[in-house]
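For reference, the structure discussed in these notes is given below.
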Amino acid sequence: MVVTVKESGRDKAFAIGIYIYVFLAFIIVAYPVVYMLSASISDPKLVSSGEMWLWPKGITFDGYKRVFENASIWRGYGNTILYTVIGTLINLIVTLPAAYALSRKDFVGRNFFMGMFMVTMFFGGGLVPSYLLIKNLGMVDTIWAIVIPSAASIWNIIVSRTFFQSTIPNELQEAAQIDGCTNMRLFFQIVLPLSMPIIAVMGLFYGVGNWNSYFSALIYLNDENKFPLQLILRQILVLQEMSAQPGGSMDATTALALNNKAEVAALVKYAVIIVATLPIIAIYPFLQRYFVQGVMIGSVKG
Amino acid sequence: MQETKSNIMSSVIPKVKRKKEKKKSWNKIVQNWELYIFIAPAFLYFLIFHYGPMYGIQIAFKNFVPTKGIMGSSWVGFDHFTRFFNSYYFWDLLWNTLSISLYELAVGFPIPIILALAFNEVKNGSFKKLAQTVTYAPHFISVVVMGGMIITFLSPSSGMAVHLIEWLGFDAPQFLTDPKWFKTMYVFSGVWQSAGWGTIIYLAALSGVDPQQHEAAIIDGASRLQRIRYINIPVIIPTMTILLILNVGSLLGVGFEKILLLQNPLNMGASDVISTFVYRSGLVDAQYSFSTAVGLFNSVVNAFLLITVNQIVRRTNENSLW
């Protein structure tokens, strides 16, 4: 602050109010997360009775043990990683070249393509026609039903296009073309290396989306062996099908299940939430910059 | 969803300003032939997976029989629509869908704005950074985990929120099964998850405020509240307007994935919305044509709302979508 005018009493009170407000928002968001972390390693009895309310009590790793012994969770994890990697690659291959083409002012037909893509934002065929299409294409119960129908998002194409427009100078490509450089070379050898930030942002946006998606798997996959993690989670967390599932230690599970099935199930739930969310939450603070950048590029009305 | 909504800010509706000679543009097409290869995957994707289903919409006006295919099935006109409009659940579905959306709009729209204005006032760098990092984080929690958290926290007798309410001396309601609580549960869990992330777009707009304006205002004796009111808020109004248009445009497109997860037979009276109904009747009960008709009704209303709101905004100020 260059100017140092003494703050009035009212301003100070207002500033304190703002700090309290932000602090409250912080607590409201952070508390459930801390609670889940603690609950996942606490004695389930103390959790369900409410004695454990912030820090872990009666520490046990039983929940995690059960989660890691559960074969379907591992399989789900594997499937999710596969779908996320392949899906995100497809997303990038479809999005980036298209966005680059659309960013070029000398690209005849850009308005047509842009308009055609944008219509889909406001109007679509709906659930059943989409399902019938995927079915007719023979993609049901294959990985392609997961990765192809969401191959590109118009939002991300627009964000990437805005990035290319604002960072790749027109003179650069004009000079390259005068030197006889083809568009293909221009894109791969000049534009892409200059566009690492947008590649990172797009990879992250699409990657998180692929990791978290469950609905296409729910409607297009029937074979449990192909279920991604989110569908397995749905079974455990929402449909509550855990404790009876044959995992690694069936005998111990049944014995315990008879005693305090509900409490153990709750313990497993907390553990499974942590196991499923940790990869993203753990890397997110380091990548926050990129995510925020992505939203900001998108907010520039270009 | 949040970030996709905000990204539309950059959307440019094509401005047709082409008055060049045909020959010249033909030369450009030839010269830039590779750009058409670049756009081909996206073009094919949208054509097949977005326009393809639009072709399938015709089954809303037919009696679709899978063995006969889309073309072979017989036309029935508006029968499915009439059946839907006359059904006893039509008004319930419409009411649930609209009331959840409006509730969400009324609560979920202002909170990120207030939070962003507050973040902007916090001068302590590390506290601000921490608060932002933490409040953004839930955005990355998947909808399934979110559903699981809600169910676990609100479960009677053992849930965290239930303990909290009892500790405060109240009787905790049956959140998960009481239809009265469904909408509140849905809306506030959504606020928890996305309010922080929703501030980013406003903070981006606020970062464009010239600090000199604030300095001048301070010298003139403006209080903090006055500076927010007369300097910061006007800066974010265009952003607010566009997000509002988009929100209204998707009034009938409520967060269907989360509702589907939180739905149970006991709260169905409040939780059944058009999109979950489409899912159930279409994919679970395989009433393909009927469900397509319901879905089409939903999209048409959405498109209509979006165009109407945009039109109203365009009449009143310059911040419309197109």
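All residue numbers here begin at 1 and follow the chain in the order shown.
Any Cβ shown, glycine's included, is placed from N, Cα and C.
As recorded in TrEMBL, the features of this protein are as follows:
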DOMAIN    A:77-282  domain 'ABC transmembrane type-1'
TRANSMEM  A:12-34  transmembrane segment
TRANSMEM  A:81-100  transmembrane segment
TRANSMEM  A:112-131  transmembrane segment
TRANSMEM  A:143-164  transmembrane segment
TRANSMEM  A:185-208  transmembrane segment
TRANSMEM  A:267-287  transmembrane segment
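Between the transmembrane segment (A:112-131) and the stretches A:12-34, A:81-100, A:143-164, A:185-208, A:267-287, the greatest number of Cβ pairs separated by less than 8 Å involves A:143-164. Taking Cβ pairs closer than 8 Å, the transmembrane segment (A:143-164) reaches residues 82-83, 86-87, 90-91, 94-96, 98-100, 102-103, 117-118, 120-121, 130, 134, 191, 195, 197-198, 201-202, 205-206, 209-210, 213, 216-217, 220-221, 226, 228, 294, 297-298, 300, 302 in its own chain, all 6 or more past its ends. Remote same-chain partners of the transmembrane segment (A:185-208), defined as residues 6 or more beyond its termini with a Cβ less than 8 Å from a stretch Cβ, comprise 84, 87-88, 91-92, 95-97, 100, 153, 156, 159-160, 163-164, 167-168, 172-173, 176-177, 280, 287, 290-291, 293-294, 297.
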